[in-house]
Amino acid sequence: MKKTAIALLAWFVSSASLAATPWQKITHPVPGAAQSVGSFANGCIIGADTLPVQSDNYQVMRTDQRRYFGHPDLVMFIQRLSHQAHQRGLGTVLIGDMGMPAGGRFNGGHASHQTGLDVDIFLQLPKTRWSQAQLLRPQALDLVSRDGKHVVPSRWSSDIASLIKLAAEDNDVTRIFVNPAIKQQLCLDAGSDRDWLRKVRPWFQHRAHMHVRLRCPADSLECEDQPLPPPGDGCGAELQSWFEPPKPGTTKPEKKTPPPLPPSCQALLDEHVL
């Protein structure tokens, strides 16, 4: 467990120790009507909103990193979700990385979060609000067992499941990434109400947070949506494949060279940075 905690901490702070990308040199949102441009892993945003860091329903972590920008739809989603959580007495929603002022590529920790439509949310709901020191150096709560096959019962709660379900039932949400063991527990607990599980997708890591992704806004004409998740609740063979040992000869994919930026994003960089 100690090794896992260290790995989680390293994941959350790694980006601070790497060289800045050009996008990190843009310190304020680019003026203009809100437009998400490109794909989630290769894009930018014009006219981003700033998530207010003061709220009765949520708290923003690591504000010193200035990653609390996004499309207005994302800001409204966070406010909507945290209000629903507050109404149900679930606790305070802890907001992690959204995007940078103009979106774009991070120097580490994320491949996506580039178009202002992604947010990481901790899977813990404190009843007592965190101090500023806790928010600046958050301690992730690893919900998954060391072998990765199930959640830790003492750390899992119906409130966490309710938070994920609330997010999945939001019309603007297209995907929620969680660890396969968390998805498995949601499948076990869901009962007959299962339509929302389609949006909850198993993915590597994501042991302590969920990564919520919104659909492209209708008026963001240069935004590239992902295909919809496959039909069904995703609780069958696809999910079980995540728990199978790697096939012999399987190797990690080579690191790919980033693709060219969408022209509008390159023009934005040319004007504001280069």
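In case you wondered, yes, glycine gets a Cβ from its N, Cα and C as well.
Looking at the candidates Cys216, Cys235, Swiss-Prot gives Cys216 as the cysteine bonded to Cys223 by a disulfide. Of the cysteines Cys44, Cys187, only one is given by Swiss-Prot as the disulfide partner of Cys235: Cys187. Note on proximity: among His110, His150, His211, the binding-site residues of the record, the Cα nearest Cys265 (disulfide bond) is that of His110.
The separation of His150 (Zn(2+) 2 binding site) from Asp120 (Zn(2+) 1 binding site), Cα to Cα, is 21 Å. Of the listed disulfide-bonded residues, namely Cys187, Cys216, the sparsest Cβ surroundings within 10 Å are found at Cys187.
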